[in-house]
Amino acid sequence: MFSLYSIAEWIAFLCSILLFAKGVEKGYRVFFFYALTVILTEFAGRWLMETTQHNHRLFTFACFAFTCFYFLTLRSFLKETQRRRLVTILLGLFITVYTINLFFIQQLEEFNSYSFIAGYTMLSIATTIYYMEFIQQETITPIWEEPNFFIVTGYFIYGTLTAILYTLHRYFAYMKIPNANYRNLFTTTSDITNVSLYLLLAVAFVIIWKRRKS
């Protein structure tokens, strides 16, 4: 049975096919492969669970790759060199934290939540850098004509809420609060973050396609 966020993933994937239409800027086509990889990763994760195998290693590496993708695509949307450099520094810090955590702290015994608390916090900062450039541009175009705005907003919602979610999870675990007491809250919030990300990406893909037609 498909979950709500799985449906959102498929919507984003199907909309990403539009990026191969004639006249669409080729750089956006990387999102098709991103959406495809997300779906394949979800299938692999479910298969591991159904075969009673741990899937935290898969998602530790997959989430690292996806987070790097978010940083790199956001960086490509920026025009000012200084702001692009700041995002590059944030990406470098995330990779450093991830590497240290992977080899010396949480390692592969569990999902590397510390890495992604730091990484998604940095991603939220990076999205703020984009927003600052967006509102300071000389020519303001309507938001519904700016696909990059929807993509980055998806990153912002996903990154910010997920960082908070992972932080609370570690806090509740430290306080030895039973998992059953907050499982529904975490599941609902996680669904909201994923659905928001993939639906905003789908909207962006349609805008890119329509802009090609106009």
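Residue positions begin at 1 at the first shown residue.
Cβ coordinates are placed from backbone N, Cα and C, and glycine is handled just like the others.
If you look up TrEMBL, you'll see 6-24 (among others) marked as transmembrane segment.
Sequence-distant contacts of the transmembrane segment (31-49), counting only residues of its own chain at least 6 positions beyond either end whose CB sits under 8 Å from a CB of the stretch, comprise 6, 9-10, 12-13, 16-17, 19-20, 55, 58-59, 62, 65-66, 69, 73, 198, 201, 205. Sequence annotations record features per position, and here TrEMBL assigns transmembrane segment to 31-49 (among others).
Annotation comment: TrEMBL describes 55-74 (among others) as transmembrane segment.
Within the chain, the transmembrane segment (86-105) has long-range Cβ neighbours (under 8 A, six or more residues past its boundaries) at 60, 64, 67-68, 71-72, 74-75, 78, 112, 114-115, 118-119, 122-123, 125-126, 129. Residues or ranges marked as transmembrane segment by TrEMBL: 86-105 (among others).
Under the heading transmembrane segment, TrEMBL lists 111-131 (among others).
Proximity of distant same-chain residues to the transmembrane segment (152-172), defined by a Cβ-Cβ separation under 8 Å and at least 6 residues beyond the stretch ends, is recorded for 70, 74, 77, 113-114, 116-117, 120-121, 123-124, 126-128, 130-131, 179, 181-182, 186, 189-190, 192-194, 196-201, 204. The transmembrane segment annotation in TrEMBL covers 152-172 (among others).
Residues or ranges marked as transmembrane segment in TrEMBL: 192-209 (among others).
Listed stretches 6-24, 55-74, 192-209 were compared with the transmembrane segment (111-131); the greatest number of C-beta pairs under 8 angstroms is found for 55-74. Beyond the transmembrane segment (192-209), the same-chain residues lying 6 or more positions past its ends with a Cβ under 8 Å from any Cβ of the stretch are 4-5, 8-9, 11-12, 15-16, 18-19, 21, 24-25, 28, 31, 35, 144-148, 150-151, 153-155, 157-158, 161-162, 165.
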